[in-house]
Amino acid sequence: MVPSLANSNIKPELFQQLIGAISEFAIYVLSPQGNVQSWNAGAERFKQYRAHEILGLHFSRFYTADDLAADKPGQALRIARQTGTFEDEGWRVRKDGTRFWASVVINAITDGAGDLSGFAKITRDMTDRKRAQEALRASEEQFRLLVQNLAEYAVYTLSAEGVITSWNTGAARIKGYASDEVVGRHFSCFYTEEDRASGLPMAALATACQAGRFAAEGWRLRKDQTRFMASVIIEPRCNALGEVIGFTKVTRDVTDRLRAAEVEARASTVDALTGLSNRQLFETLLRQRLIDRQHQVQAVLLLDIDHFREFNNTLGHHAGDAILQQVGARITQALRPGDIVARLGSDEFAIVAECKYGETSAARVAEKLVHAIGAPMPQIGQGVRVNMSAGISITASDGADHRELLQSAYVALYRAKAEGGRTHRFFTEELGAASRRRLALQFALQHAIDRRELAVHYQPRIALGSRHIVGLEALLRWTHPDLGPIPPVDFIPLAEESGLIEQLGLWVLQEAVRQTAAWIARLERPLAVSVNVSAKQLANPRFIQDVLDTLRQHALPPDCLELEVTESSLMHDMKLSRRVLGELRAHGIKLSVDDFGTGYSSLSYLREFPLDCLKLDRSFLGKNLDTDKKQHRLAAAIIELAHTLDLRVVAEGVETTEHLAFLEKTDCEEIQGFLFCRPLPPDLLASILEDGTCSAGS
């Protein structure tokens, strides 16, 4: 309150100087009627009037039109007159018409007799504070509306005791309660009976008070008592003194995330197609089984479906999947409840079975499985039967470490497959040693090209009637510096398994084309060369271009190159084979099917491919003319049928005069075999090519 000048100990002149110098406050005196009688520097700064412009004018000119209409100036003076002081905040108007937010105090000034002599008015510009308050209120309202309408999160407030005081849309959606059903209730109603009994709700509030926040996940209850997995955050709300006056609680339903995580976790350990354990889980279970039952004999059986790719190619992948599901189910049904079953990948299954009597028990398990799996599958197709090969390792004798047992079983499985399948084999030390030799040989093969250990030999193809050399077959040979010559039957499968076959195949192609082009230039007559092609080469997108680039590089006419493809390679992917062979044929390259009779042996499928030649496998010639007559009749029939398809026939493996005599009775066009010439390196073959003919026994 501004003291009356009459009661002040300060001299009036000094008081007026003090008031006039203050610029942070507009301080001025009004007459009892409200006319301005004095004007300080602060009033001039806030309201923009100089003293000579405002003295004598009524102070109501500082009010807005709305306040004037409501007689706010008159009300202010009446209250100040009656009570001695009037305080207010509101919009006021400057000289230029702009507004500012004013905090106003009006004190009544009385004389010594107590009669009103005027009013002292103090005004402060609070516009910045007002705008900050309005911005805060707008922000709070916006946040309130956001929280209220946030459907993904349950956001609600609690009293210090945990009673619900507010409830948003998300809370209603997630928990199932309307606001009027839950406000006023204790928030522990959302907790399970077990959590309430353990005191978890109040413990959560205590943690929030102590740590400033409580965060956790757990099961909560909806109104209908169904459960959901909740991600919860609780934070305390405090007053200016730091005292907790309540809590803000944010809850999110993460049940779907939990279920997705469970599905992902299951997918990481379970085979999606069969529902069996996958490799990761199998290895874990095997390792644990060996720990838990270390004094009991366990057998690891690896099973592989024989010729599974053929089922996929002929019946389709849907049928292949159905076969895998059937096999998985039959394995499970054939075993005891305590046995472990898994699908390791593709058509490979694994089993861990307790075998009290070692190999004897394991053999019975294998035979039982082969019998169960081999039963007809009429739901997949008429006559569909599945054969399996199995490799078996036994604890104690074949290693107690789970990795050793698995590896031993793989070695045994490889031997069972190599012996034609549809059988089982136990791991032995001899098999292990052979496997290690194969691995060492595989490593050596990787370096063979760089070390110039590989070479291409050529075996003549001879016209049966004239004995003229009409072509050559390029055959890869490997001479190891320590082991000597390595038979192709040993290293070609290794090249297939290790992925080196594409690199080796391309090298043989380039070398054969280069050498043949050189021979043609020297002999000045046509000469064809045939080169074997693997299924992996056919599947390589660059294969066709590699062939064409090689022919172009060495200027070899396309019809001087014949590519030989085995039956199994053709059937590996029939659609791909038709496309690739079709493009090669369109460029003039000759094509033949190699080793006919060792695979599908079906002339009907030959019509599917643009072939020029059929190479009759050596097995049809037999070793003894008297005992192999049936084979000879079959060979004659194949030759005749091949001619109906306009295919030229080359008989492989002609090694005896009996073979030759038999073939001379047929319409076979060409022959190839040791009776005429072994595969030779280029330098030893040169003179034979110069002569142009090749006789039996030469």
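Every residue, even glycine, has its Cβ placed from backbone N, Cα and C.
Annotations in TrEMBL come from automatic prediction, not curation.
Residues or ranges marked as domain 'PAC' by TrEMBL: 86-138. Shown for the domain 'PAC' (86-138): DSSP residue counts in helix, strand and coil, namely 12 helix, 30 strand, 11 coil.
Annotation source TrEMBL lists domain 'PAS' at 139-196. The average pLDDT for the domain 'PAS' (139-196) in the predicted structure is 85.
The domain 'GGDEF' annotation in TrEMBL covers 296-430.
The domain 'EAL' annotation in TrEMBL covers 438-693.
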For the domain 'GGDEF' (296-430), give the DSSP counts of helix residues, strand residues and coil residues.
60 helix, 31 strand, 44 coil
